[in-house]
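Trainee: Please find one structure pasted underneath; my questions will follow.
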Amino acid sequence: MILNERMKVAGQREIARNIFELVLEGELADEIREPGKFVHVRAGETMDPLLRRPISIADYDDGRITLIYRAEGDGTRVISEKERHGQADVLGPLGNGFPVEAGAPGTKALLVGGGIGVPPLYGLSKRLKEAGVEPVHVLGFQSDDVVFYEEEFSRLGETHIATVDGSRGTKGFVTDVMGALGHEFSVYYSCGPLPMLKAVADGMQGTEGYLSFEERMGCGIGACFACVCRTDTNDPGYVKVCSDGPVFKAGVVSI
Amino acid sequence: MNRLQVELPGLSLKNPIMPASGCFGFGKEYAQLYDLSKLGAIMVKATTLEPRFGNPTPRVAETPAGMLNAIGLQNPGLEKVVTEELPWLEQYDVPIIANVAGSETEDYVAVAERISEAPNVHALELNISCPNVKCGGITFGTDPKIAGELTRAVKAVSSVPVYVKLSPNVTDVTEIARAVEAGGADGLTLINTLVGMRFDPRTGRPVIANGTGGLSGPAVKPVALRMVYEVSRSVSIPVIGMGGISDVDDVINFMSAGASAVAVGTANFVDHFVCPKLIDVLPDRLDELGIGNITELIGRSHRI
Ligand SMILES: Cc1cc2nc3c(=O)[nH]c(=O)nc-3n(C[C@H](O)[C@H](O)[C@H](O)COP(=O)(O)OP(=O)(O)OC[C@H]3O[C@@H](n4cnc5c(N)ncnc54)[C@H](O)[C@@H]3O)c2cc1C
Ligand SMILES: Cc1cc2nc3c(=O)[nH]c(=O)nc-3n(C[C@H](O)[C@H](O)[C@H](O)COP(=O)(O)O)c2cc1C
Ligand code: FES
């Protein structure tokens, strides 16, 4: 069920330059059934900034959710000022997440994330591991100072970092790492900027894959048609990222 | 006696609060959140003769205390709306106001004739004010003569009362209001969005793919109030007011300005429960203001 809750701020810290980890407590956490769903967060109490901000659920359990986001514009900056014992107005869980069951136990799954597309892969990786699937992570960032959760991912499985400027891990893009992995994967999952999703999907052709998309949102629940993407396959010829996605099987959304 | 009850042509409203067109789809999404029967009415998404995909994305952008949208009237088309969307809404005890759009008079007439026969459609809202489509929409809403003629053509085929939705993107809104009243409109709804733009300083390009978009939200409220005030003084048909409504005093103020009921648009994105919350707090606010029935508020500013 979708709840609109004033969740309690259990903690917030800056985990990389302008990247924040926000832990929230509330009943909403118990409504989450799969990784990769998102919440719609109201930044402040006033009319400016007006719209809610969509942020992926990076992790969830026992009455808590973790959000990891970049404080960049007006809204996320206000969210980054929330302090322990404060509150956050959260609507969720929203959308459809990653299907964990797409990975067969005993096989390997490839998880490819770019920048602020990395967070939802963390919750996914944990669930895959619980299900007996071995996660392999390829995470791309701009530079060393914005890399986050490398240790957390490493605890769950093999983890490769790529940075555009080469200040950490492999210099280049996630696809440069992917080419040299030499594993068999039963499934892949990816979240990040559109060009990256396209490159990943192209590189993984023939393997079942799931991609998480971003689009500007109004309502966040499927009512306003702000967040549509064209598709090649389904009947009306479009999907709404907020309510049909944000995760789609590779090949559904035209990229 | 229900003190929130308002009677309008075709519409017996248990309260004067309804979601505005385009901000509530065809109700399914918000029905996951609360009982739609609670609402005074529902203004559903614009319906055109054929399905429309709408504009490229980004279709929305945030602005100070407001937002721009250029959805481009995306909708599943008349056939799907009358065979799927409207029948689904029949499970709720709530009158539907069908928002009708088109690019030619014939489109409006064809949609109006068929959609007005749906059992739960109690009124039409002629959308002659959408700023986000190339032909039709706003071109019908900025010329009094064309607006009046379109109203007359739709009135001739509609089996329910016809409200006309006015654009604020005109020099004198009362001129259009009088023209559609003369064309036989049973009521007016206003305002639709104000044409606006936002630019990205890095690229120098508009943020909205369509270039321009329609401004809505609290930022437009003073303009909307002024137009509701002017229009309601210059016509004798009822006005449903909208534009930036988000709290109970906004409702009071729109009705004082001359609205007989109000619609809430953008605020549904900010607080998804805003409509039922407004309905719940209205009686207490009326008590505080010493008002018995909500209808006492309608146009009270005109009498002072
Ligand atoms: C399903 C989904 C999941 C997301 N998950 C995360 C996450 O886990 N971590 C994270 O850091 N970011 C995530 N994002 C991106 C995040 O929503 C934007 O970075 C954020 O909304 C920008 O707000 P702002 O206040 O910083 O920027 P502003 O420039 O003030 O934003 C203005 C408006 O544009 C919208 N907007 C701006 N950039 C984006 C964008 N990239 N995507 C969608 N809307 C945008 C805002 O929501 C707001 O309505 C996600 C986006 C989507 C759609
Ligand atoms: C995303 C969005 C979509 C809209 N779509 C329609 C529409 O299809 N038909 C219409 O008549 N008005 C449409 N409108 C205008 C609203 O119904 C309303 O007139 C306007 O937004 C002002 O009210 P508000 O400030 O409460 O949002 C739309 C507005 C928004 C924000
Ligand atoms: S954000 Fe409104 S339909 Fe997706």
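Just so it is clear, glycine is given a Cβ too, placed from its N, Cα and C backbone atoms.
On a predicted model such as this, the values are computed, not experimentally measured, just so you know.
Residues or ranges marked as domain 'Dihydroorotate dehydrogenase catalytic' by TrEMBL: B:4-286. Residues or ranges marked as FMN binding site in TrEMBL: B:SER21, B:LYS45, B:ALA46, B:ASN99, B:ASN127, B:LYS165, B:ILE191, B:GLY217, B:GLY243, B:GLY244, B:GLY265, B:THR266. Here TrEMBL flags B:LYS45, B:ASN69, B:ALA70, B:ILE71, B:GLY72, B:LEU73, B:ASN127, B:ASN192, B:THR193 as substrate binding site. The active site, nucleophile annotation in TrEMBL covers B:CYS130.
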Trainee: Using C-alpha positions only, work out which of the recorded positions B:ASN127, B:CYS130, B:ILE191, B:GLY265 is nearest to B:ALA70 (substrate binding site).
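Mentor: Nearest by Cα distance to B:ALA70 (substrate binding site): B:CYS130.
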Trainee: Per the record, FMN is bound by B:SER21, B:LYS45, B:ALA46, B:ASN99, B:ASN127, B:LYS165, B:ILE191, B:GLY217, B:GLY243, B:GLY244, B:GLY265, B:THR266: how many Å separate the farthest pair of Cα atoms?
Mentor: 20
Trainee: Quick check for you: of the recorded positions B:SER21, B:ASN127, B:CYS130, B:ILE191, B:GLY243, which have their Cα within 10 Å of the Cα of B:GLY72 (substrate binding site)?
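Mentor: So far as Cα distances go, the recorded positions lying within 10 Å of B:GLY72 (substrate binding site) are B:CYS130.
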Trainee: Secondary structure at B:ASN127 (FMN binding site) (DSSP, helix/strand/coil)?
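Mentor: For B:ASN127 (FMN binding site) - judged by DSSP and reduced to three states - the answer is strand.
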Trainee: Of all the recorded positions given, namely B:LYS45, B:CYS130, B:THR193, which is spatially nearest to B:SER21 (FMN binding site) at the Cα level?
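Mentor: With Cα distances computed to B:SER21 (FMN binding site), the winner among B:LYS45, B:CYS130, B:THR193 is B:LYS45.
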Trainee: Which one, from the binding-site residues B:GLY72, B:GLY243, B:GLY265, has the smallest tally of other C-beta atoms lying within 10 Å of its C-beta?
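Mentor: So among B:GLY72, B:GLY243, B:GLY265, the binding-site residues given, the one with the fewest Cβ atoms within 10 Å is B:GLY72.
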Trainee: In Å, rounded, how far does the Cα of B:GLY243 (FMN binding site) sit from the Cα of B:THR193 (substrate binding site)?
Mentor: 8
Trainee: Where B:CYS130 (active site, nucleophile) and B:GLY265 (FMN binding site) are concerned, what is their Cα separation in Å, rounded?
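Mentor: So the Cα of B:GLY265 (FMN binding site) lies 14 Å away from that of B:CYS130 (active site, nucleophile).
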Trainee: Hey, how far is B:ILE191 (FMN binding site) from B:LYS45 (substrate binding site), Cα to Cα, in Å?
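Mentor: B:ILE191 (FMN binding site) and B:LYS45 (substrate binding site) have their Cα atoms 16 Å apart.
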Trainee: Which number gives the other C-beta atoms within 10 angstroms of the C-beta of B:LYS45 (substrate binding site), all protein chains shown included?
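Mentor: So the Cβ neighbour count for B:LYS45 (substrate binding site) comes to 24.
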Trainee: Among B:SER21, B:ALA70, B:GLY243, which binding-site residues lie by ligand 2, judged by Cβ under 6 Å to any atom?
Mentor: B:SER21, B:GLY243
Trainee: Rounded to an integer, what is the Cα-Cα distance in Å between B:ALA46 (FMN binding site) and B:THR193 (substrate binding site)?
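Mentor: Taking the Cα atoms only, B:ALA46 (FMN binding site) lies 14 Å from B:THR193 (substrate binding site).
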Trainee: Please report the number of other Cβ atoms within 10 Å of the Cβ of B:ALA46 (FMN binding site).
Mentor: 26
Trainee: What's the CA to CA span in angstrom from B:THR193 (substrate binding site) over to B:GLY265 (FMN binding site)?
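Mentor: A Cα-Cα distance of 10 Å.
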Trainee: Would you kindly give the Cα-Cα distance separating B:ASN127 (FMN binding site) and B:LYS45 (substrate binding site), rounded to the nearest Å?
Mentor: 10
Trainee: CB neighbours of B:SER21 (FMN binding site) within 10 A?
Mentor: 27
